[in-house]
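**Q** Pulled these features from TrEMBL for this protein:
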{"type": "DOMAIN", "residues": "A:71-277", "note": "domain 'ABC transmembrane type-1'"}
{"type": "TRANSMEM", "residues": "A:12-34", "note": "transmembrane segment"}
{"type": "TRANSMEM", "residues": "A:75-97", "note": "transmembrane segment"}
{"type": "TRANSMEM", "residues": "A:109-132", "note": "transmembrane segment"}
{"type": "TRANSMEM", "residues": "A:152-176", "note": "transmembrane segment"}
{"type": "TRANSMEM", "residues": "A:213-234", "note": "transmembrane segment"}
{"type": "TRANSMEM", "residues": "A:254-276", "note": "transmembrane segment"}
Amino acid sequence: MSTRLARRLERNGLGLLSPPLVLLLLVFLLPLLAMVPTSLHPYIPGKGIGEGFTAEHYVKALTDTYYLEIIGRTLALGLIVTLICLALGYPLAFFLARTQSRWRPWLMLLVVFPLLLNLVVRTFGWIALLANRGLVNDTLVALGIVETPVKLLFNFSGLLIALSHIFLPFMVLVLVGVIRNLPRDVEDAARTLGAGWATTFLRVTLPLSLPGILAGSILVFVLTVSALVTPRLLGGPTYKVMSTLIYDQFLQLLNWPAGAALSFILTAIAVGLISLSSAVARRLGAGA
Amino acid sequence: MSDLRLERLVKRYGSLAAVDGISLAVDEGSFLSLVGPSGCGKTTVLRMVAGLIEPDGGRILVGGDDLTDVAVHKRNLGLVFQSYALFPHMTVAQNVAFGLQRRGVPKAEIGQLVRKALQMVRLEGLAERAPRQLSGGQQQRTALARALVVEPRLLLLDEPFSNLDALLRDEMRIEIKRLQQEVGITTLFVTHDQGEALGMADQVAVMNRGRLEQVAPPRTLYRAPTSAFVAHFIGRANLLRGRVAGRDGEDLVVALASGATVRARGAVAGEACQVVLRQESVRLAAAPDAAANSLAATVVVASFAGATAQYLLRLADGAELHAQVPGARADLAPGTAVFAEWDAADTTVVPDAA
């Protein structure tokens with residue numbers, strides 16, 4: 001028995017993987033699972049977690065329009081931020097991966113540079129820029145593009161702008177790695193076979209960079225829907241997304257059961273979307 | 001099908017001329033090998049013909065049409081890459097169909113042409129495989145089918161054998177030559193391997209440091225190299241440095257550095273010259289022969305290889321001489337004193353490049 005187990009562990013590499021696996025189970029999965037019963041207990045205002053089991057927190061989160069709006073807003077934010085990062089990041093990553101410039105390392109550093117600044121500082125920077133009397137609005141008004149300041153704080157567009165900026169480096173870094181590793185010969189082959197620049201890009205370069213697009217998108221999406229500091233500061237106390245909602249449930253209302261239930265819903269949505277997009281990408285990759 | 005003509009083609013990288021004024025003609029339907037040591041500019045020439053590198057000067061003519069400024073995708077040339085460069089996200093059939101789709105060939109016809117092309121390279125059963133599921137040889141056949149199916153005006157081969165093991169390399173060499181003859185397509189073949197270059201081509205062009213050293217049919221190139229570089233690069237000939245001392249009938253009398261004189265054939269301008277002596281022209285004897293060229297030597301290394309044996313000899317003046325003799329008669333141990341002999345008719349002289 002023990003030798004059979006040993007052989008099995010050896011064959012699939014689980015043996016090698018088991019120390020970090022055990023660590024992950026202990027410090028990550030167990031505390032997470034410990035939250036499951038919490039999410040199923042009733043909450044008694046003023047007293048805290050009650051006895052017995054109930055699914056009311058899940059039911060409420062998935063039926064109450066207040067919660068549904070926040071869930072929808074969070075997902076929309078994640079999706080649009082991902083698309084913006086992709087649209088801005090792909091051309092940038094393509095340039096950085098392909099440029100022969102000797103400034104390339106410095107340009108890469110510029111991409112990473114925002115990550116070296118504290119997140120709170122960057123977010124306050126956006127507050128200064130996006131406020132009603134901030135730089136953006138003052139400029140727009142001065143140029144006569146708008147008459148009164150556009151509301152960019154404490155709403156969707158402010159979050160969109162700030163989160164796209166904050167997570168863009170992640171998308172770029174993932175894509176640069178993938179695009180750099182694309183075989184140039186393959187693109188040259190397409191061109192010698194009669195494909196112009198656009199066709200070569202659409203039929204060869206883009207499909208081959210799909211794994212990078214997928215990895216970068218998942219990363220940005222997950223980071224966006226779970227971001228707490230930026231939505232809290234730019235959304236204010238009233239304009240909420242799921243992470244700030246969960247934070248409030250846990251730390252303001254001390255409603256741990258509801259907070260735990262919302263956490264699991266967020267996790268389930270993220271995991272579901274990721275597996276769905278992986279499946280789609282695998283089919284695209286095989287069929288293209 | 002067209003001929004290829006290069007006129008004073010130049011490519012510079014900074015101050016270095018990677019290709020330094022190459023003029024070359026490949027006749028319609030013929031096979032030209034462009035061979036040279038790595039870094040000599042041969043791949044740059046091929047990539048300029050394909051349009052992947054822009055030349056700094058000169059012209060590229062295919063069938064009389066000036067393609068120098070024509071975009072890559074409009075040149076209609078077939079290129080087989082060293083890495084094969086198959087599209088990893090497409091099946092074998094989709095790879096082969098790619099060029100046909102770009103040319104707007106109707107769908108039904110594409111299927112038929114792809115099937116025929118795969119038949120030609122004997123890959124009928126593998127049409128639905130992904131490139132990563134193929135062996136190296138099969139990948140190369142796919143690349144070849146993909147390049148040929150569009151009926152290109154030229155076939156360009158960039159070191160196509162360097163990723164194959166020795167056995168497969170021989171097989172593919174014959175396969176490609178057979179296909180080239182069947183299709184009758186003008187072919188430019190770039191390689192660093194002199195054996196491949198000689199074995200496949202109608203004409204061989206030897207390149208060195210961005211320039212052409214010699215362009216000739218394989219036999220001529222081997223028998224009558226015009227430079228020391230070509231003599232050494234093709235078949236690693238012995239080169240004996242000396243001075244032309246006189247003429248005796250058909251023969252040139254060459255005085256070697258050691259003071260010995262040898263007879264050679266050929267003509268050379270000036271006095272300084274090198275005698276080109278093929279390894280297999282050298283005979284080993286126990287006693288000097290007054291009738292032939294004969295130099296005293298000592299065996300340094302003996303290497304028996306079955307059909308032949310290879311000897312490294314040291315001459316009286318310290319120069320080294322390689323000799324290849326039939327294996328059946330080879331039993332000389334290192335240290336043995338011998339006489340290296342050869343006929344003047346088996347030699348040629350080239351100018352001393354030093």
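Backbone N, Cα and C define each Cβ position, glycine as well.
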**Q** Thinking of Cβ pairs under 8 Å, which stretch from A:12-34, A:75-97, A:109-132, A:152-176, A:254-276 has the most of them with the transmembrane segment (A:213-234)?
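**A** Result: A:152-176.
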**Q** Residue list, the transmembrane segment (A:109-132) vs rest of chain: Cβ under 8 Å, 6 or more residues beyond ends.
**A** 92, 96, 149, 151-153, 158, 161-162, 165-166, 169, 172-173, 229-230, 233-234
**Q** Please give the sequence-distant neighbours of the transmembrane segment (A:12-34): residues at least 6 beyond its ends with Cβ less than 8 Å from one of its Cβ atoms.
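**A** Residues packing against the transmembrane segment (A:12-34) from afar: 6.
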